[in-house]
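As recorded in Swiss-Prot, the features of this protein are as follows:
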- D14, H202, H204, N238: Mn(2+) binding site (BINDING)
- 5-267: domain 'Pyruvate carboxyltransferase' (DOMAIN)
- 392-523: region 'Regulatory domain' (REGION)
Amino acid sequence: MSNRVIIFDTTLRDGEQALAASLTVKEKLQIALSLERLGVDVMEVGFPVSSPGDFNSVQTIANTVKNSRVCALARALEKDIDAAAQSLSVADQFRIHTFISTSTIHVESKLKRSFDQVLEMAVGAVKYARRFTDDVEFSCEDAGRTPIDNLCRMVEEAIKAGARTINIPDTVGYTIPSEFGGIIETLFNRVPNIDQAIISVHCHDDLGLSVANSITAVQQGARQIECTVNGIGERAGNCSLEEIAMILSTRKDSLGLETGINAKEIHRTSNLVSQLCNMPVQANKAIVGANAFTHSSGIHQDGMLKSQNTYEIMTPESIGLHRNNLNMTSRSGRHVIKHRMEEMGYGNKDYDMDTLYEAFLQLADKKGQVFDYDLEALAFMEAQVDEEADYKLAQLVVHSDSTEGNATATVKLEIDGKTVTEAATGNGPVDAAYNAIARASQCEVNITSYKLSAKGEGQNALGQVDIEANYNEQSFHGVGLATDVVEASVQALVHVMNLTSRADKVADCKEKIQKDRSELGGV
């Protein structure tokens, strides 16, 4: 049996399901390209039948990514499989991942069918998917709670139908390692054609055991692990890609297994996903948390000064976290910025040098010295920029009375090419600025969440504002980044307004299409 473990990343499918607001196609593509550089073997990038937006993002990624196999999810229904195949058809090689529930509670309560009927649907779905590609993966949803006799039967029949990968999910994170490892061991012992497929596992983290269960599974013969960057996903999340990659690398002496992951891309990819998904990484998170390589105890610090191996089983450099002694100021040339970006793992196609350097100079003039985390933040923010924005902030002036708490703000907005100026008061400068923008734009959004975080250290650190807002029963996520908190707050709101404007245009297009169809007699 091969010692190579296939890494199947589902950040853009299962991971995105945990987000309060969906990612844009541009943001998904940026993450997909980062995953490609990270070296994932397969990336599951969406559920095409679920929406035109998901279909479009899958198609865009499939047309762009070349070094990782792109996969789309489909229920055991022909319409789902058709949508997946159509969205993926632009790729040279692709995978269709079809699934159906197999546990008793799912079969009886959710599907309201007999197990034999579900088995027939599964076999039919695999055979239908094989019409489009030889690379078909089949998942037994809630396999962790499926009676073992039924699971063995389902796996055997799916392989006979043509599935080349069989995925065994612990969908609700219920099993413990001894149980889950036992399931994989039983499949290898009892399914006669098991050698004709790769066994995959997809473990959720409801009991905090997703990584442990996945490692136990590969010890029993599974050779694909499904995971997400930073472990994001439904409920408590998924198996963490970075933890799996570094466990298999650091403990190769014990496990004897390896992956194709370029570990030096882990830190950069983790930061990118955290930023674009608006999901901060907890400080004590294994591998990528801010404290993962921090030593506070005097005894630990003394040991580290004598030898890093005393308290570090891996180095920061091994995951691409570089110690930087290069000071970047407004006197730094473009070559310095380009060199630093390359050291942090960014390629030329990840950012526009002209845009980044202009933003760098503006920031350097404000705060003097610019650090790695500043450059990363500026690079990430490129994905938030909409070149065809309907709303642009031209000017912001704020006057605040610190004793009374009242403030006045004047904003100048460019709206569809026209300049509009409005002033308003409010309970603090941010409230005043938001009131002025509401007057100027006549765009009514309901802000449901406001988060402020520092990107860096000291009084001149960049401030990032993340807001979530409801508009026409949809949720939107806006981001702003500036050394001034009020400016960052305004940027975030303007970002949301541009997203809502785009949503209105999409709705108008849909309405026109429906009207045209109606006039043509429903054709």
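We count from 1, first residue shown onward.
Just so it is clear, glycine is given a Cβ too, placed from its N, Cα and C backbone atoms.
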Averaging the per-residue pLDDT over the region 'Regulatory domain' (392-523), what integer do you get?
83
Fewest other Cβ within 10 angstroms of its own Cβ, chosen from the binding-site residues H202, H204:
H204
Restricting to the chain of D14 (Mn(2+) binding site) and a gap of 6 or more, list residues whose Cβ falls under 8 Å of its Cβ, or answer none.
E44, E226, T228, G233, E234, N238
Counts by DSSP class (helix H/G/I, strand E/B, coil) across the region 'Regulatory domain' (392-523):
48 helix, 56 strand, 28 coil
Inside 8 A of the center formed by the CB atoms of D14, H202, H204, N238, which other residues of the chain have their CB, for the recorded Mn(2+) site?
T10, P169, T171, C203, D205, S210, E226, C227, T228, G233, E234, G237, C239
How many other Cβ atoms are found within 10 Å of the Cβ atom of N238 (Mn(2+) binding site), counting all protein chains shown?
30
